[in-house]
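As recorded in TrEMBL:
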- B:16-37: transmembrane segment (TRANSMEM)
- B:18-438: domain 'DUF112' (DOMAIN)
- B:49-71: transmembrane segment (TRANSMEM)
- B:106-130: transmembrane segment (TRANSMEM)
- B:136-160: transmembrane segment (TRANSMEM)
- B:167-186: transmembrane segment (TRANSMEM)
- B:198-214: transmembrane segment (TRANSMEM)
- B:314-336: transmembrane segment (TRANSMEM)
- B:356-377: transmembrane segment (TRANSMEM)
- B:389-406: transmembrane segment (TRANSMEM)
- B:469-489: transmembrane segment (TRANSMEM)
Amino acid sequence: MKFNDLFAGLVVLALSGLVASASWNLPNPSEQPLGPSAFPLILAGLLGFCALILAVNGARATDAGPLVGLADWTRNRGAVLRLLLVPAAVIFYMLFAETLGFLICATAILVVLFLVGGTRSLHAVAMALAAALVIHSIFYLGLGVQLPWGPLEPLRW
Amino acid sequence: MLDAYVTALGMVLDPYVLFVITASAIYGLVVGCIPGLSATMATALLVPLTFFMPPVPAIAAIVTTSTMAIFSGDIPGCLLRIPGTPASAAYVDDSYRMTQQGKPELALGIGLWFSVLGGLFGTAVMMVASPAIADFALGFGSVEFFWIVMLGLGGAVFIGSSTPLKACISLLIGLMIAMIGMNNPAGQPRFTFDSTEMLGGVSLIPMMVGMFACSEVMRHMISDGGAPQVVVKKIGPIFANMWRLTKQYPWQLIRGSAMGTVIGIQPGSGADMAAWMSYAMSKRFSKEPEKFGTGHPEGLIEAGASNNSSLAGAWIPALVFGIPGDSITAIAIGVLMMKNMSPGPTIFVNNPENVYALFLVFVIANLLMLPLGWAIIKIATRVLSVPRRILMPIILLFAIVGSYAINNSLFDVGVMLAFGVLAFVLEENDFPVAPVILGVVLGPLLEEYFINSMIKSDGSLIGLVNRPIAAVLAAITVGIIGWTILVSIRGSKAGKPAAQE
């Protein structure tokens, strides 16, 4: 996603407006002259000012391109899919780590990412399993982090 | 002080600490050597592990990794013309030309030998200067500290950056992220969206891992990602000509080291700027400037010493004032705070042995660079051919588990992802990412100093400038900001007629 400066400026301006409105009515329990809303309001003001300059510069630029353009890589469908796999993998882990356990989740994520990267399937499975076991050992055995076991609970070592 | 050094030496020579130093050294060398994996990412990925260590090994891990990674970034630059870290980009033409002339060992030897000398120079300056500066700063109040933080942030945004306006926006976004939670002078929850997880603020570790590791994995996904072809088969004796070169170019070595240290101290400019400026300086004062870019050792010596000495230099403001010079020291400050060693002038009063241990780690890391650096150069051709399509998924998994591990919280994994996406989108649109992290680390301090100063002066802004040191710091800060704005206005006016023609 490639925003031109006018669009980016407007988005940031909206953000500064949101922050300002959210901090306007923060309670000031200790009745200080500058309560908890003071600093965020100053920041929102500065951010709004910078955003305005960016937007004005973007509007005056002649070679700015469309408001929201697409970078070169977005025309390559494979690249877009590979990119989306990253958040997909993280969200998959967040959703299923507790039920499937770390080892199964991690191996599954790695196998998919290796295969997409062009590794041969047998290699991918073997390396994924090995990498998952090494990372598991570092955190579970080395640092004592309680990683979830899931259905492999009976095998816990 | 000597007693504290003896205690510190005992802490550093502990077998566990020595093991951590050696392991992080190897890790830093390997990661820095692989193109596309930066020194910053190497450091960020290590932070979750340091969470589980006592203070001294934790800091040792960060210092050693970053020192090694900056040096080994020279290796792919020399062998493939792809600098491993931005700090090696300045002299990549000269070092690659040497490889083409069949002398890769000369370029790599210079990189190694003069990195070590530059690093030791910077460390010596740090050991002498920081306690002295800290002593001077003990009398500072909240007003002085407010301006020091402002100066640090102003320097970061307005000096080292090619797009000051976008850097400024990044910084302000970082400062706002720091406002989340109830860690503010009034103890009032802010911007938490009624979520209990957000009450403590955004956890620093998942955020740093997301911004520097997850985003790099995403960037890799949209590139082709194959391992580059290495043509060099054999690397000859590395240290063969180093003593001769040291005697031939002593001035370049000293000038590069001194320049690097000064640039490192100056907040907002780190190893990459040190290398560029030293390379330019070397060419300017050289008797044979026409040879630069053709495989000439002079610029390599000066810039190679410079980028490593800047690392130690950057630790001076980081330790004494808590102001990071670049993203690596920002990460390091996060680790120091996590270990209850909040940087500031009192760190030399409260934790002298820990600080001296840090100094000694710098010395050890630089000395250790000689044998380990030699080893990595010898196996470099094999390290370079490790395919990134295998590494990147493993890095992603490491980022997930690292974020989870510190609180056993899946929420933190989500935080990691959110900041990874944020960093990716920002960089795609030419917003620099480093100011965000500076803003998040320094935001709470800046607010505290500001509010305390205002309370002392009963809400009058004059209170910010009516003490002499504060006034001087304020003048410098305003000067830097004003000068940058002036230059950019002039630049756009001068640029316009040219663009219209």
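A Cβ is built for glycine as well, from the same backbone N, Cα and C atoms used for every other residue.
TrEMBL: automatically predicted annotations, no manual curation.
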Same-chain residues at least 6 beyond the ends of the transmembrane segment (B:198-214) with a Cβ under 8 Å from one of its Cβ atoms are 38, 40-41, 43-45, 47-48, 51, 177-178, 180-183, 189, 191-192, 327, 331, 334, 337-338, 395-396, 398-399, 402-403, 406-407, 412-413, 415-423, 433, 436-437, 440-441
**Request:** Please work out whether the transmembrane segment (B:106-130) lies in contact with the transmembrane segment (B:314-336), by counting C-beta pairs under 8 angstroms that are 6 or more apart in sequence and asking whether there are at least 3.
**Result:** yes
Item checked: Region pair the transmembrane segment (B:469-489) / the transmembrane segment (B:49-71), three or more CB pairs under 8 Å -> no
Ranking B:49-71, B:136-160, B:167-186, B:314-336, B:356-377 by Cβ pairs under 8 Å to the transmembrane segment (B:389-406) puts first B:49-71
With the greatest number of Cβ pairs under 8 Å to the transmembrane segment (B:136-160), the stretch among B:49-71, B:314-336, B:356-377 is B:314-336
Confidence over the domain 'DUF112' (B:18-438), expressed as mean pLDDT on the 0 to 100 scale, is 88
Outside the transmembrane segment (B:49-71), at least 6 residues beyond either end, the same-chain residues with a Cβ under 8 Å of its Cβ set are 11-12, 14, 16-17, 20-21, 24-25, 27-29, 31-32, 38-39, 42-43, 84-85, 87-88, 111-112, 115, 119, 205, 271, 307-308, 311, 328, 331-332, 335-336, 338-341, 351, 354, 357-358, 361-362, 364-366, 368-369, 372-373, 402, 405-406
